[in-house]
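Student: Heads up, here are the entries from Swiss-Prot:
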type     : residues                               : note
ACT_SITE : C66                                    : active site, proton acceptor
ACT_SITE : H99                                    : active site, proton donor
BINDING  : H9, G67, T68, G69, I70, G71, M72, R133 : substrate binding site
Amino acid sequence: MKVAIASDHGGVHIRNEIKELMDELQIEYIDMGCDCGSGSVDYPDYAFPVAEKVVSGEVDRGILICGTGIGMSISANKVKGIRCALAHDTFSAKATREHNDTNILAMGERVIGPGLAREIAKIWLTTEFTGGRHQTRIGKISDYEEKNL
């Protein structure tokens, strides 16, 4: 598996924690920033490139972190083919993979701490899509997307 990871200025610390986790899990990743120091940056400038790498197949999944995770999630979901879910608990992280086959995880650094972020990311990275009735539902989303976006 190969993962693209990015954050804005509000998610740098958790981004670094998740990179350490992926090193431990021997998961290959591309760090797509931000290298923002103390400056403020705009989350869409990081969400769109990660989402584009996922839909192009260059990476399998993406992880996005901002202050709340909301802006990253909204931005990523504007890219056709993306199923980005915001998760701030382990139950949701697992369900987004098992039931929704999410290809991007969003988290908020101002909402959760680094320990919980690592747990969420580990579960999300190691959980597989269950298919079955959930595949039918994903298919309906994809059909709608093809017709309307």
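Placement of Cβ uses the backbone N, Cα and C atoms for every residue, glycine included.
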Student: Highest Cβ count within 10 Å among the binding-site residues G67, G69, G71: which residue is it?
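Tutor: The most densely surrounded of these binding-site residues is G69.
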Student: Around M72 (substrate binding site), how many other CB atoms lie within 10 A of its CB?
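Tutor: If we count other Cβ atoms within 10 Å of M72 (substrate binding site), we arrive at 33.
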Student: Tell me the Cα distance separating the residue listed as 'active site, proton donor' from R133 (substrate binding site), rounded to the nearest angstrom.
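Tutor: So the alpha carbons of R133 (substrate binding site) and the residue listed as 'active site, proton donor' sit roughly 9 Å from each other.
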Student: Measuring Cα to Cα, tell me the gap between H9 (substrate binding site) and the residue listed as 'active site, proton acceptor' in whole angstrom.
Tutor: 7
Student: When you measure from the Cβ of the residue listed as 'active site, proton donor', how many other Cβ atoms are you left with inside 10 Å?
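Tutor: 17, counting other Cβ atoms within 10 Å of the residue listed as 'active site, proton donor'.
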Student: Give the three-state DSSP assignment (helix, strand or coil) for G71 (substrate binding site).
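Tutor: Reduced to three states, the DSSP call for G71 (substrate binding site) is helix.
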Student: Which number gives the other C-beta atoms within 10 angstroms of the C-beta of R133 (substrate binding site), all protein chains shown included?
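Tutor: Neighbour count, Cβ to Cβ under the 10 Å cut-off: 8.
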Student: How far is it from T68 (substrate binding site) to H99 (active site, proton donor), counting Cα to Cα, in Å?
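Tutor: Cα of T68 (substrate binding site) to Cα of H99 (active site, proton donor) measures 23 Å after rounding.
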Student: Pairwise over H9, G67, T68, G69, I70, G71, M72, R133, annotated as binding substrate, what's the top Cα to Cα distance to the nearest Å?
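Tutor: Value for the max Cα separation, rounded to a whole number: 39 Å.
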